[in-house]
């Protein structure tokens, strides 16, 4: 038994260290940016959730007031986005087969290789070509509902997109007690144009909150204070 254990131990010592899960065939997929779907280039990692992207791909997300991770949609601090140095080291260490010629190339050089690989170019040439929609001379129907801009149900202010409508109502009609129809919901196929919300501002913040938080700098503290004020107003009435 002792001899068997020593043989197993020596065999384990001779084995090379384990690489990433999936072997060579899954390496490129493991180190692919979720945005551009290519091997990482100058990767960066979001500190709060740990998701990794190409530095250039993540740049548009850093330009908005309250950025969200493109993968998990969690908010993050743009100041806590750092270079993914451990990923860069792995890109230089691991090799994977080219999807065209099957030659093994380090992941760090995969983009450059693919751009010059004749086999890959042949595969791309055989892909179906995009055919644009043929222009039509038929008139555009005039009764198509407008789902891009809305009118304020309180004062009638027009040409407000969803985020502008929420901001306008919060700033100008916070204490308005009238029951009104939500113009966003009523413009949808499933919307009821006769249904009046008992508390339209609450409805806006709960039903149409996602894109509002994405593009408008409306902090959680401000919302909590507003929710408390609304609850107090309802209790007094």
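Even glycines carry a Cβ here, placed using N, Cα and C.
Keep in mind that TrEMBL annotations are predicted by a computer and have not been checked by a curator.
Per TrEMBL, the features are:
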- 33-73: domain 'RING-type' (DOMAIN)
- 98-117: domain 'C2HC RNF-type' (DOMAIN)
Distant-in-sequence neighbours of the domain 'C2HC RNF-type' (98-117), which means Cβ under 8 A and at least six residues beyond its ends: 24, 27-28, 31, 38-41, 88, 90-92, 123
Residues of the domain 'RING-type' (33-73) by DSSP state, where helix covers H, G and I: 9 helix, 9 strand, 23 coil
Residues in the domain 'C2HC RNF-type' (98-117) grouped by DSSP into helix, strand and remaining coil: 10 helix, 3 strand, 7 coil
PLDDT averaged over every residue in the domain 'C2HC RNF-type' (98-117): 90
